[in-house]
Amino acid sequence: MQNVNEAPTYIHQFDKDEQIISTQDLSVFYGGSVQKLFNASLQFKKKTITALIGGSGSGKSTFLRCLNRMNDKVARVDGEIWYHGLDINKNNINVYQLRKNIGMVFQKPNPFPKSIRENITYALKANGENDKQKLDQIVEESLRAAALWDEVKDKLDKSALAMSGGQQQRLCIARALALKPEILLLDEPASALDPVSTSKLEDTLKQLRTDYTMIMVTHNMQQASRISDYTAFFHLGHVLEYDTTENIFTNPKGEITEDYIRGSFG
């Protein structure tokens, strides 16, 4: 296989007015000197789904967590992350506000041990919203957006822990949407779900694309090809190729990308 340090990179570029968030020479170090991400420069288009693919340890989840500063306490992050004209990798950024605008859904569903309703309203109340009518409206809007309202509208005061795994994951999406983010980061959101729940989740994400920008880590290449508009391929901490999903899967430009897509390694 071609040496990753000698491999050419093929990175799609967007016009400035198409971008919602971008990175420039983003590098991540653990323990002070162990580098896990090398000079990643990517631009993300508004209201699209981008899949981040690559083998285990390729750097895709490390990259994703940089976008809303989830790596702050565990790693050193060098480089720039541009969002609305601000480099959000700077120390003067309000990280709490940033995470309202750039929400995250994790690999394993993590509902609060509270009612379905309280899962949605908890953060809203913490931000000072106490108007019951407004809270009820946001609960319904968020659950509808996550394609969950019809399944739970008569169970809002029941424990979220009694829901199925697929429902819990969609609840976590609804919980993030309640804060009105522009961007939703998803770290292998379907990896713990059965095929039926995965299909429902994918349908939900495709519907959300009209209003939100989504960036999703996945090991499932079939999933990436089904629902994403763009795909970035990570290998050993390097972004080697970034293009439309159709091009990545049918006409990859890089030798290592082609080997990965064909299943020569994982």
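Cβ coordinates are placed from backbone N, Cα and C, and glycine is handled just like the others.
Swiss-Prot has this to say about the protein:
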- 21-261: domain 'ABC transporter' (DOMAIN)
- Gly54, Gly55, Ser56, Gly57, Ser58, Gly59, Lys60, Ser61: ATP binding site (BINDING)
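This view paints the features noted in Swiss-Prot onto the structure.
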residue : record           : Cβ within 10 Å
Gly54   : ATP binding site : 26
Gly55   : ATP binding site : 15
Ser56   : ATP binding site : 8
Gly57   : ATP binding site : 13
Ser58   : ATP binding site : 25
Gly59   : ATP binding site : 24
Lys60   : ATP binding site : 29
Ser61   : ATP binding site : 21
Environment of Gly54, Gly55, Ser56, Gly57, Ser58, Gly59, Lys60, Ser61, the listed ATP site - residues of the same chain whose CB lies within 8 A of the CB centroid:
Thr62, Phe234, His235
Mapped DSSP class for Ser61 (ATP binding site), helix or strand or coil:
helix
Averaged pLDDT score, the domain 'ABC transporter' (21-261)
95
